[in-house]
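Feature annotations, reproduced from Swiss-Prot:
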type     : residues : note
TRANSMEM : 10-30    : transmembrane segment
TRANSMEM : 67-87    : transmembrane segment
TRANSMEM : 96-116   : transmembrane segment
TRANSMEM : 131-165  : transmembrane segment
TRANSMEM : 209-229  : transmembrane segment
TRANSMEM : 247-267  : transmembrane segment
TRANSMEM : 310-330  : transmembrane segment
TRANSMEM : 355-375  : transmembrane segment
TRANSMEM : 396-416  : transmembrane segment
TRANSMEM : 454-474  : transmembrane segment
TRANSMEM : 481-501  : transmembrane segment
Amino acid sequence: MPMTMSQAFIGNFLGNSPKWYKIAILSFLIINPILFFYVSPFVAGWVLVLEFIFTLAMALKCYPLQPGGLLAIQAVAIGMTSASQVLHEIEANLEVLLLLVFMVAGIYFMKQLLLFAFTKMITKVRSKILVSLMFCLASAFLSAFLDALTVIAVIITVAVGFYSIYHKVASGKDFSADHDHTSEGKNEDGENQLNEEELESFRGFLRNLLMHAGVGTALGGVCTMVGEPQNLIIAAQANWQFGEFAIRMSPVTVPVLFAGILTCFLVEKLRWFGYGAQLPEAVHKILCDYAAYEDARRTNKDKMKLVIQAFVGVWLIAGLALHLASVGLIGLSVIILTTAFNGITDEHALGKAFEEALPFTALLAVFFAVVAVIIDQQLFGPVIQWALNHEGNTQLVIFYIANGLLSMVSDNVFVGTVYINEVKAALINGQITRDQFDLLAVAINTGTNLPSVATPNGQAAFLFLLTSALAPLIRLSYGRMVWMALPYTIVLSIVGVMAIESGFLEQMTQYFYDSHAIIHHSVKEALAPAAAH
């Protein structure tokens, strides 16, 4: 029986998403105008925010850009907010969009150097605990200067490379042969060519490293202005530069970093939560042979490319630390320098670098549309008022926990943007002092970054890993990710909240003021546009 037009419409709508999900989104689009016009704009606004969080939580069913975008377009169409308010939000956060467009693309052209470094780590260091710590620390360091998504993308590339090499050799082929590493490794008679126990151990080993690296990106990403997109939004609202941001965060981020490293050591040593998988000797030999094979084939031209990438890496770190230009422009300079000196001049080769970041950049623009609704309908007013009624440390802890809980189910860029906007409005209205605003900005930044490792919904890097082609190969499911992240979630969240609740954050911030490491800012500075930052 031929398909009817209505069946064709439902079939095409949101592609391969489950039918119940499609019906849910269509229901949202029908309910929202009714609530807005006949019940209350405030209620309709909150329902929209919850629907948007639902689309983020269901990111594995359908990329949130389409369902979230439809909700945002409708919100503007029915008058929940205006197109000019959405544009204003995007203008205020232009640096973040530039960071995603140019910085992620720039690092794409430095992948060879990063691949080289991570490959050496696995082949040269035999101790599993030491390799885990190195991956965690290397990811943390890189994420402090690069986008976490990019760091995870590189490590995924390393892991896929290793998996395919082992699969190829174990299937009886040499390094240069073509091979489908996604196959189950059976011969023509349907018998297993691969040692099942060896393969399972190797999968476990790769899972461990990827989870340590993923948490490492959160540990490093929270420390600096460019580590995560929401950090840049918070820094712009507070008018902080690179050095000041890192200093202000350090009373929370430094204890958390040490706690994270200790957790990495303990879960590996005690083999808890699925950690402690060893790299089988036979697999290690294959990987070492491959590394030697690659080193032997590396020409002077290839070596020069690595040297250029290393120099550009030094420029990147220096440019960010000294704030020589806006983050996005430094990213653009990285693209120009690496491609010019490494001879990448083909338009299609350049285009590949932008594929990773642009869908997320478009999604971020949709975030800002929902933020515009929150501002116009004053949705967070009552919640913020309740939090601001508490004094001092209690207020900071409430903001940390509120951000943390929401970041576990929703994207932390969205959560951070909403809360910093509300706190800034309270500052402008004279409800809090400028010094308290600065402390709240630290609580919001750490609250959105640290507890969000709990699920792939909160951390874009985790979601990227879960939706990658590698996840099914190494049997990394949503549930397994949440379970393996659990020890980190508990430790990072508790250490973060203790650093704030104990008064350590306030005491250290006062010490930084007294030693002139940072200065007191005025309310007038916060009113200055982000562009002046």
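Including glycine, each Cβ sits where the backbone N, Cα and C put it.
Proximity of distant same-chain residues to the transmembrane segment (481-501), defined by a Cβ-Cβ separation under 8 Å and at least 6 residues beyond the stretch ends, is recorded for 207, 211, 214-215, 218-219, 251-252, 255-256, 259-260, 262-263, 266-267, 272-275, 393, 396-397, 400-401, 404, 443, 446-447, 450-451, 453-456, 462, 465-466. Sequence-distant residue pairs (6 or more apart) of the transmembrane segment (67-87) and the transmembrane segment (96-116) include fewer than 3 whose Cβ atoms are under 8 Å, leaving the two stretches without contact. Just going by CB pairs under 8 A, the stretch in 10-30, 96-116, 131-165, 247-267, 454-474 that sits most against the transmembrane segment (310-330) is 96-116.
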